[in-house]
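*Asks:* Here it is: the structure, laid out below.
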Amino acid sequence: MARSSSSSSLGTTRTMLVVVLAVAVFSSPAAAAALCPQLEGIVRTEARAALQREIALAAGLLRIFFHDSFPQGCDASVLLKTSGKTEQTMGPNTTLQPRALQLIEDIRAKVHAACGATVSCADITALATREAVVASGGPTYAVSLGQLDSLAPASASDVNALPSPFTASVAQLLRAFRGRGLADAADLVALSGAHTIGRAICGFFQDRTTNPGNDAFVRKLKADCDTDPNRLQQLDVVTPDAFDNGYYRALNASQGAHQGPHHGPHRQAFAKSMAKLGSVPRKPAGNVGEIRRSCFRTNAGGETLLLQSAAAEGQAAASA
């Protein structure tokens, strides 16, 4: 560990310096294949086996990926479970699926056992989410590899910028998406389609059940929620476990727990928007962080180790 020390009448002051290293993070499927040729096969095998046991994990993985990527880029910050204020204790994330969170860590353990600590939890989350989409009948899409894991949770303000089920208007949703580099309205429509395999507790759609009127579907929702406010309601009542346009068909028939865009996107549009979601700009700027040896906590040690991508290191050297 690099240290500097000086003596004065106030005593000895020791200043811990941050060590900055270039690391062999991959930035393309070809680079990933070179560093960890088993990567995609391990993720696919482990994710598919878990999904066969419990298909509800697919919705859990999708939600984790969105809640991780939207606040400050895909950096696995939402996975941190260290003491103190973490993203999982913040309002939008208190209902993230624990079994899906654990699945990501289980896959990381398998990948690191095969390849060493060469793959980040952020990349594993992105790859596992794609497997969940494909296993549910959805399209495949490009995954941006080479993301490092953050050293700290996202701020409360960034987490609270996540679109809320209580957000009043489409205009507000569009502004939130534009603020994350998802400027095309088609991104909002396409990514809303992920609800096709989702479930939610009653509190997330109470705007639908407050005044049911003569709507038979909403009256049944209200009756079910009055009986058990914590019950899980299928958001796609047509084909709840299949990745298709059933969510939009239900909306057109006024049989959706949520209200939203009524016209489903093409599969290609969803694939394109998922790829863009994985590339939301990082905060702080640049691909800075580490490859965690546990997805749930930062790497322990006597010094603070700050890792940068090779590209960022090159820029730092050029300016020195």
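Note that Cβ sites are derived from N, Cα and C of the backbone, with glycine treated the same way.
As listed in TrEMBL for this protein:
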type: SIGNAL; residues: 1-32; note: signal peptide
type: DOMAIN; residues: 20-299; note: domain 'Plant heme peroxidase family profile'
type: DISULFID; residues: C36-C115; note: disulfide bond
type: SITE; residues: R63; note: site 'Transition state stabilizer'
type: ACT_SITE; residues: H67; note: active site, proton acceptor
type: BINDING; residues: D68, G73, D75, S77, E87; note: Ca(2+) 1 binding site
type: DISULFID; residues: C121-C295; note: disulfide bond
type: BINDING; residues: P163; note: substrate binding site
type: BINDING; residues: H195; note: heme b binding site
type: BINDING; residues: T196, D236, T239, D244; note: Ca(2+) 2 binding site
type: DISULFID; residues: C202-C225; note: disulfide bond
*Asks:* What whole-number Å value do you get for the CA-CA distance of H67 (active site, proton acceptor) and E87 (Ca(2+) 1 binding site)?
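*Replies:* H67 (active site, proton acceptor) and E87 (Ca(2+) 1 binding site) have their Cα atoms 9 Å apart.
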*Asks:* In the same chain, outside D68, G73, D75, S77, E87, whose C-beta lies within 8 angstroms of the Cβ mean position for the Ca(2+) 1 site?
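*Replies:* The surrounding set, listed in chain order, is S69, P71, Q72, C74, A76, V78, L79, A122, S150, P153, A154.
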*Asks:* C295 (disulfide bond) to S77 (Ca(2+) 1 binding site): how many Å between their Cα atoms?
*Replies:* 9
*Asks:* Distance between D75 (Ca(2+) 1 binding site) and C121 (disulfide bond) at the Cα atoms, whole Å?
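*Replies:* Rounded to a whole number, the Cα-Cα distance is 8 Å.
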*Asks:* Taking 10 A as the limit, how many CB atoms besides its own sit near the CB of S77 (Ca(2+) 1 binding site)?
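*Replies:* That number is 28.
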*Asks:* Would you please pick out, from the disulfide-bonded residues C36, C121, C295, the one with the fewest other Cβ atoms within 10 Å of its Cβ?
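*Replies:* With the disulfide-bonded residues C36, C121, C295, fewest surrounding Cβ atoms within 10 Å: C36.
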*Asks:* When you rank G73, C121, P163 by Cα distance to C36 (disulfide bond), which of the recorded positions ends up on top as the closest?
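*Replies:* Checking each of G73, C121, P163 against C36 (disulfide bond), the shortest Cα distance is to C121.
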